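According to TrEMBL, the protein carries these features:
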type   : residues : note
REPEAT : 10-51    : repeat 'WD'
REPEAT : 94-135   : repeat 'WD'
REPEAT : 227-270  : repeat 'WD'
REPEAT : 271-306  : repeat 'WD'
Amino acid sequence: MSTVSCDRVLSNHQGSVTAVKYNSDGAYCISGSQDKTLKLWNPNKGSMIHSFEEHGYGIIDFCSSLDNKQLFSCAEKQLYQWDIANGSVVRRFQNAHNDTITCVCVNNDSSLLFTGSNDKLVKAWDLRSNSFNPVQILDDAKDSITSIITNETTQTVDLSGHEVITSSVDGSIRQYDVRMGTLTTYDDTIPISSVSITKNKKCFIASCTDETIKLIDIDTYDTLKEYKSHKNSTYKINSCSNYNDSLIIGGSEDNDFYIWELSSAKLLHKLSGHTNVITHVNAHPTKNQFITSSTDCTIRIWSTQE
């Protein structure tokens, strides 16, 4: 990979953009912001398709279903389910947790939604039921939950269907088999701001607040590589691999977008453009195109030229 350039800047948000994610096939992307809105975009045209505007607080996180029909979002203690086609709210959970909800993730058949919170709990919600009560509560974390992975749609990860992976400020990554009732844990002392999984499902990618991204073997919990040079000590900033696991991408508090070679941990690119903290990064599912969001209220779309 020789050069990376910014193709487009999306600037319709009026507040810090907390996250931006491709949908399951990469044809569209969705962003969430402190301006209380979620926006659906065509990243190739740089055009906004729809703005979802029912939340009363700034958006913290969101996810879309694998079939791209549903959107789930959290803001403060609110949890919303949307119909993407008509932009309407299907369901509202007004006090889903006792503290701010920090992350949401839906499984592949959209039957279960998982939420994590500053109240240290992970809750599972049965989307086929009319109940507003969780069907399961996982209470093993000793501090705030920072991210959740299940049959994740935005990164095209296909786990077993009943496996849930969480990261926490307590420094742990927890792997739950909710069907078997088992738990295995990777423990560290450094707070983890997010966890993702490589596309081959062999490694965790953990963003830690000691300004290190760790590549961790999913079976042995051995740290295989560490990626450094970026700044991350305060904000919740994520990292992930690209579509073929050749690269690691990450945001930074120094406003730059970082790209490392996965196998060697060599820093390949430090890319300027954003004027404030990069809060979230996401990789296209089938090609080397990336999107970044920032507290500068913008989204940038990046691509490679071989």
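Cβ coordinates are placed from backbone N, Cα and C, and glycine is handled just like the others.
Here the repeat 'WD' (227-270) has Cβ contacts under 8 Å with residues 1, 4, 102, 146-147, 155, 193-194, 196, 198-200, 205, 207-215, 276-288, 290, 292, 294, 296, 300, 302 of the same chain, all six or more residues outside its ends. Across the repeat 'WD' (271-306), the model assigns an average pLDDT of 96. Helix, strand and coil content of the repeat 'WD' (10-51), in residues and according to DSSP, is 0 helix, 22 strand, 20 coil.
For the repeat 'WD' (227-270), DSSP puts the residue distribution at 0 helix, 17 strand, 27 coil.
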